[in-house]
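A.B. asks: The feature domain 'S4 RNA-binding' is assigned by Swiss-Prot to 89-150. Swiss-Prot lists 15-43 with the feature region 'Disordered'.
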């Protein structure tokens, strides 16, 4: 299944806020309609919607998400928490969380077009897994910096999660540590996602 490129508001109206996909928020009325239908939802649909929420927020294909679930299942610790940490430490998500891109698709475009460096080297793979002490910067070119500046000016100035530091005047971000689950920027029940995939195998 390919990455979703359809109407974004349609997705947030059904699944709730997906800040990685779009800054738009569902109207309160649509939230109430979803809640009124929640009693009719099967357990399968509840798990499916949590999985879809994760997939659309991080902009993943079905195959990519399944691969992350399998990697998380082989790691020590809670599979759900490891899954979220893996997704949060992707380069495209780190750029989004730093405020250097307004959405994860926007961050992915910056990476694909070779505007981003990690530790002084161009990285053009959005799924690159960032590590503690990684330094993320833009290419020292006017166009690259103008793009980042535009994103930073238009992004809402939210409190930065403690696993990251931003030096906006230098167009530089620093990964301080692996993200703690309490700093995840998405309202999600990761256990339901793991359950969804465990029942598919």
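Glycine residues also receive a Cβ, built from the backbone N, Cα and C atoms like all the rest.
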A.B. asks: Can you give the mean pLDDT for the domain 'S4 RNA-binding' (89-150), rounded to a whole number?
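C.D. replies: For the domain 'S4 RNA-binding' (89-150), the model's average pLDDT rounds to 95.
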A.B. asks: So how many of the residues in the domain 'S4 RNA-binding' (89-150) end up helix, strand or coil by DSSP?
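C.D. replies: Result for the domain 'S4 RNA-binding' (89-150), in helix, strand, coil order: 26 helix, 11 strand, 25 coil.
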